[in-house]
Amino acid sequence: MFTDVVELTVSSGKGGQGCVSFRREKFVVNGGPNGGDGGKGGDIWFKCDNNTHTLSHFQKKMHIKADNGAPGESSNMSGKSGVKKVIIVPPGTQIIDMDSEEVLFDMLIDGQEELFISGGRGGLGNTHFKSSTNQRPTYAQPGEKGETRRIKLDLKLIADVGLVGFPNVGKSTLISTVSNARPEIANYEFTTLTPKLGQVNIGDFESFIMADIPGIIGGAHEGKGLGIEFLRHIERTQILLFMVDLASYRDLKEQIETLKAEVGAFSDKLGSSKYAIALTRADAVAQDEINDLVNSFMEIVGVKATSNSNLNFDKNLPYFIQDSADETLGYDREIPYFVMPISSATNKNIDPLKHALFNLVQTNRIYSK
């Protein structure tokens, strides 16, 4: 089961009680105090781990506690400190205070560690309270209480490219074709019920991450369908690939306008993201119809077919791609970076799609450094 939001109560450990003890040695009458200090309570830490992909290992309303410090001992021996509790979370997890709603930590990088709550200090043993007027103190400090906080863990997946489309538009087929992801694929709507990440390799040494989320329908930002729960998983993505089905019963203009409207209504940031458009299922449209269909769609989004790319597009199909993915060299973010018909079933234009998306990703990485 994919879990992306959990509420937890977390408590650091209580400090150990200081010890009341006196020297007991042969020929020593009424020995002085030698009570040791209590151990420090265990801390609460968060750690980001690439090997964790969901929050499903947390039980609902779970209470996570660090160990308490051990009491001090005689002979001025301090108690053992409580073992710290390290909470493992996947990359993309935000730690949010339930009372103030403040984002405390944004866990993004594998190996990132953050101290959340320190354990209570151990109490002082009676050795510390010896004075000229009190040679045998019978008092030792109690340990400090640990701290308890209510938090929410909110997982937002981290990807370079987010796929956005109506249900059954071919998102899962595409991500399984270009990456190592293996989502469920079937010929019915809402096959994808949880977000999926896939690594798209470009040659031997380059790659980018693609995210597939459940299909969007009109009204998704208001809670209709499954998309509202998962749109937030592409909030961190810099690039959106809108997928429009050439063979759908839905009008092409209706598809792209609805998708863009839903994304923009959900998040201003998403609405202003760089984007491209893939026209899916090109293999399902007759050859004598597809050129007119693609050209008419390009007119809808305000672009015209080009032929100046070196990405080895299928020469039998019209396509559009901007001259550069770099805004300093003429990239226009008001229009799609590219519009291309594709077929995952026949691999038509799949390689150009991968490389064109990588051009956008690479430019973003350069300017985000």
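Each Cβ is built from the backbone N, Cα and C atoms, and glycine gets one as well.
The domain 'Obg' feature in Swiss-Prot is assigned to 1-158. Feature annotation from Swiss-Prot assigns region 'Disordered' to 126-146. Per Swiss-Prot, compositional bias 'Polar residues' is recorded for 128-138. Marked as domain 'OBG-type G' by Swiss-Prot: 159-362. For 165-172, 190-194, 212-215, 280-283, 343-345, the entry in Swiss-Prot reads GTP binding site, with the evidence type sequence analysis. Residues or ranges marked as Mg(2+) binding site in Swiss-Prot (evidence: sequence analysis): Ser172, Thr192.
Remote same-chain residues near the compositional bias 'Polar residues' (128-138) are listed as 18, 20, 22, 30, 32-33, 37 (criterion: CB distance under 8 Å, separation of at least six residues from the stretch ends). A separation of roughly 9 Å, to the nearest angstrom, links the Cα atoms of Ser172 (Mg(2+) binding site) and Pro214 (GTP binding site). Counting Cβ atoms from all protein chains shown, Pro214 (GTP binding site) has 25 others lying within 10 Å of its own Cβ. Among the binding-site residues Asn168, Ser172, Ser343, the residue whose Cβ has the fewest other Cβ atoms within 10 Å is Asn168. Sparsest Cβ environment among the binding-site residues Gly165, Lys171 (other Cβ atoms counted within 10 Å): Gly165. Confidence in the domain 'OBG-type G' (159-362), given as mean pLDDT, stands at 84. For the recorded site, Lys171 (GTP binding site), the DSSP three-state label reads helix. Note on the compositional bias 'Polar residues' (128-138): DSSP counts are 2 helix, 0 strand, 9 coil.
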